[in-house]
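Residues annotated as region 'Disordered' in Swiss-Prot: 1-21. Taken from Swiss-Prot, the feature substrate binding site applies to 7, 10, 41, 42, 43, 44, 45, 66, 85, supported by similarity to another entry. Residues or ranges marked as active site, proton acceptor in Swiss-Prot (evidence: similarity to another entry): 12. What Swiss-Prot lists as N-linked glycosylation site is 21, 34, and the listing cites experimental evidence. Sequence annotations record features per position, and here Swiss-Prot assigns disulfide bond to 26-84, 40-95, 58-110, 65-72. Residues annotated as active site, proton donor in Swiss-Prot: 119.
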C-alpha cells in the first residue's frame, strides 16, 4: 500500500516542474498523478521545490492545522507552487482544471519517523 508520505509526494511534489509554459499543466498532472480516478479531485497544489526543502518544513514554524490538529508547520520562506482547481463545467471522467501560480509559504501536516509531510494544509502569505 502507498504510505502517507509517498502519497504526499505523488500528489504535491513536482520539483522539476515549471508550468508557466503550459496552461495544460494541471490537466496533464492531475491525470498523471492519479487524482482523477473515480472523481475529479477538486483542488490540488503542486510544490516546485526540492523534496529536501519541503521535508524541512516539518521543523519550521509550528501552526494549527485547519482541522484543529497541532502537527502542522509553515515554511519560513516562499515556495513556488501551482494551484489546480477543477472548473465548474468539468464532468468526470473529463476532469478539467484551471491553474494559478504563486510564491507563498506552505503549511503541511507532518508525522512518522522520519518526521515528514503527509498532508498539504494550505498556502499563505509568509508571516512577518
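Using N, Cα and C of the backbone, Cβ positions are placed for all residues, glycine too.
Distance noted between the C-alpha atoms of residue 40 (disulfide bond) and residue 85 (substrate binding site) is 10 Å.
Spanning the listed substrate site, residues 7, 10, 41, 42, 43, 44, 45, 66, 85 have a farthest Cα to Cα distance of 22 Å.
Of the listed recorded positions 34, 45, the Cβ environment within 10 Å is emptiest of other Cβ atoms at 34.
When the alpha carbons of residue 95 (disulfide bond) and residue 41 (substrate binding site) are compared, the span between them is 9 angstrom.
Residue 119 (active site, proton donor) sits 9 Å from residue 7 (substrate binding site), counting Cα to Cα.
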